Amino acid sequence: MVIFTDLDGTLLNHEDYSFKDAIPSLERIKKKGIPLVIVTSKTKKEVELIQKELGIEEPFIVENGAAVFFPKGYRGFNIRCDQENRYCIIKLGRDYREIRDFIEKIKDKFKIKGFGDMTVEEIVRLTDLPYDRAELAKERDFTEPFIIEDEKDIKDLEEIAEKEGFKITKGGRFYHLIGKGQDKGRAVQIVKKVFEENYGEVPLTVGLGDSRNDIPMLREVDIPILIPHINKKYESVNLPGIIKAEYPGSKGWNESIWRILNEIERGCC
């Protein structure tokens, strides 16, 4: 079994970024040795810090599917990848410089502002992140979160981005300019393939997310779980068999994983 999870609004509460209510299920999956693969729009440095707080060292997917990071020597797996420092990396995204070049070309016309245009203080105000975390959020490698003055312009912006080899996805707080060849679903496919090649079979997969950019991930797992937004409303997802958690954030995450583990132990899945 492999669990794939979004962070903000899913494992982490939207309002305070806490995973406190998910600790019972987190401890349970750790004891069982179940891999917990983070799939997020956050940066590598942000995820490294969160993994340390969670007490895990597992594969993770950053910046909306831009790259997959496996710890070197992970479970003795044989993985075709780029070796960099402590990681075995599979890259799907565009270089951040290319992303910024495109932003510079169109930002005045569409009145958009990306993280690269913002001070750390501005990011703190928009995200409620502590200053040191906002600094890590600004250190990007592949994608750009941005705000736009008039959301009616998004469709026109999407068309121009498409012609340049980019696309736009929507997270819980921001729009994101990303490479055309990436999304969370494609990155999840890669992780599943690595486990299959090394285990000899495809493991049962569970995915949890709350936003539009999580839909590609949810389409790639056996058990997709949709976490409600903080206002108790759900993202519109047309996906057969999707499970809707009752509560937002870490409480809904905990309840959903606890129930799935119970069902598996009873032989229901």
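Each residue, glycine too, has its Cβ placed from N, Cα and C.
According to DSSP, ASP6 (active site, nucleophile) sits in a coil region rather than a helix or strand. Taking the Cβ of ASP6 (active site, nucleophile) as reference, residues of its chain lying under 8 Å away and at least six apart in sequence are, in sequence order, VAL39, THR40, LYS184, LEU208, GLY209, ASP210, SER211, ASP214, MET217, ILE227. The active site, nucleophile annotation in Swiss-Prot covers ASP6 and rests on similarity to another entry.
According to Swiss-Prot, the Mg(2+) binding site annotation covers ASP6, ASP8, ASP210, on the basis of similarity to another entry.
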Can you tell which of ASP8, ASP210 has the least company, meaning the fewest other C-beta atoms within 10 angstroms of its C-beta, among these binding-site residues?
ASP8
